[in-house]
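Let me begin by presenting the structure, written as C-alpha cells, before commenting on it.
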Amino acid sequence: PLGVRVELHLVYSLICAVGLMGNTAVICVILRAPKLKTVTHVFILNLAVADGLFTLVLPASIAEHVLQHWPFGELLCKLVLAIDHGNIFSSAYFLAAMSLDRYLVVLATARSRRVPWRTLRGAKVASLCVWLGVAVAVLPFFTFASAYSNELQVLSCGLSFPQPERAWFQASRIYTLVLGFAVPMCTLCVLYADLLRRLRALRLHSGAKALGKARRKVTLLVLAVLAVGLLCWTPFHLASVVALTTDLPQTPLVIVISYVVTSLSYASSCLNPFLYAFLDNGFQKSLRTFCCEPNRRR
C-alpha cells in the first residue's frame, strides 16, 4: 500500500539520521576520552561501528524503496546486503562478548578476585576475532547478492540463489537464525543462569552485594543494551521461523507486519547511543566535554 510505503520511508530515514549521528558521536567520544579506555567501552565502540556502518548504507535501501528499482549497480548491492546481514551477526556477538565480560567481572568480584587477563589488549583481540567471524559469516550473502531483473522486469537488489531457489532461501534463513540468534542467545542464557546459580551458592543476599557502585552501573548498562537488542531482534528472528514453517499469503496485513518487524530490527542501530547517554556517567561527562570543545575554541 502506498501509505504504508511512505510511512516506511519516513521511519527508515529517521532511523538512518538518528543512528548515524548517535553512533558517530559514540565513536568520537570513546576515541577521544581517556576515561573511556575500558574493556566494556572497547565492545561498545565496536558495536557503535557496526551500527554506524549499517546506517551508512541504509540510504541505498531507502532509495530503492522510493524509486521502486535498484539504481546503484552490482558491487554496491553486494556491499549493502553484506553489511545488512553483518549487522545481524555483529550485534549478536558483541552483545555476547559484553555479557561474557560482565559474567567474568561479577563472578570474580563476588569471590573477591580479579580477572588477570581482562585487559584492553584482550578486549581488542576479542573484538578482532568477532569481526573476522562476521566477515566469514557474511561471505555467502556477498556471493549470492545480485542486482537482477525481477518478475516485473525491474532491477532489484537481493539474494539470487540457484535452483532449487526455495531450498536455498530456506537454508539462508536457517543459517542466519542459528548463527545470528540461536547460538549467541543460548550462550547468554547459559552465562546468566550459571551466574545466578553461582551467586546463590555463595549465599549473597543480592547479586549486587559484592559489587562496587561503579561496577553495578556498568552491569546495568550492559543488561539494558542486551534487553534492547533482544527486544529489537527477537521479532525479526521469530518472523524467520514463521517464514520457514508456514506458507503465509502476502496479504496487506502480513506485508505491514513484516515492515514493522524489519523497522524494529533497524531501530536497534539507533537506540544504543541513548542508553549510553542516560546510563553511563563516564560517557555523559565525556559527551559534554566533546560538545563544549567547539565553543571553548571560539
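One-based numbering along the chain as shown.
Placed from the backbone N, Cα and C atoms, the Cβ positions cover glycine too.
Feature list (source: TrEMBL):
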DOMAIN    22-276  domain 'G-protein coupled receptors family 1 profile'
TRANSMEM  12-31  transmembrane segment
TRANSMEM  43-62  transmembrane segment
TRANSMEM  88-110  transmembrane segment
TRANSMEM  122-145  transmembrane segment
TRANSMEM  174-197  transmembrane segment
TRANSMEM  218-236  transmembrane segment
TRANSMEM  256-279  transmembrane segment
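For the transmembrane segment (218-236), the list of distant contacts is 40, 44, 47, 88, 91-92, 95, 98-99, 101-102, 105-106, 181, 185, 188, 208, 211, 261-262, 264-265, 267-268, 271-272, 275-276, 279-280: same-chain residues at least six beyond its ends, Cβ to Cβ under 8 Å.
Long-range contacts of the transmembrane segment (256-279) within its own chain (CB-CB distance under 8 A, at least 6 residues past either end) are made by residues 1, 4, 8, 11-12, 15, 18-19, 22-23, 25-26, 44, 47-48, 51-52, 54-55, 58, 87-88, 91, 217, 220-221, 224-225, 228-229, 231-233, 235-236, 239, 287. Remark: the transmembrane segment (122-145) contacts the transmembrane segment (43-62), by the rule of 3 or more CB pairs under 8 A.
Among residues of the same chain six or more beyond the transmembrane segment (12-31), those with a C-beta under 8 A of the stretch's C-beta atoms are 41, 44-45, 48-49, 51-52, 54-56, 58-59, 61-62, 65, 263, 266-267, 269-270, 272-274, 276, 283, 286-287, 290.
If one looks beyond the transmembrane segment (88-110) by at least 6 residues along the same chain, the residues whose Cβ comes under 8 Å of a Cβ in the stretch are 39-40, 43-44, 46-47, 50-51, 118, 123, 126-127, 130-131, 133-134, 137-138, 176, 179-181, 184-185, 187-188, 191-192, 194-195, 198-199, 202, 204, 207, 210-212, 215, 218-219, 222-223, 225-226, 229, 233, 265, 268.
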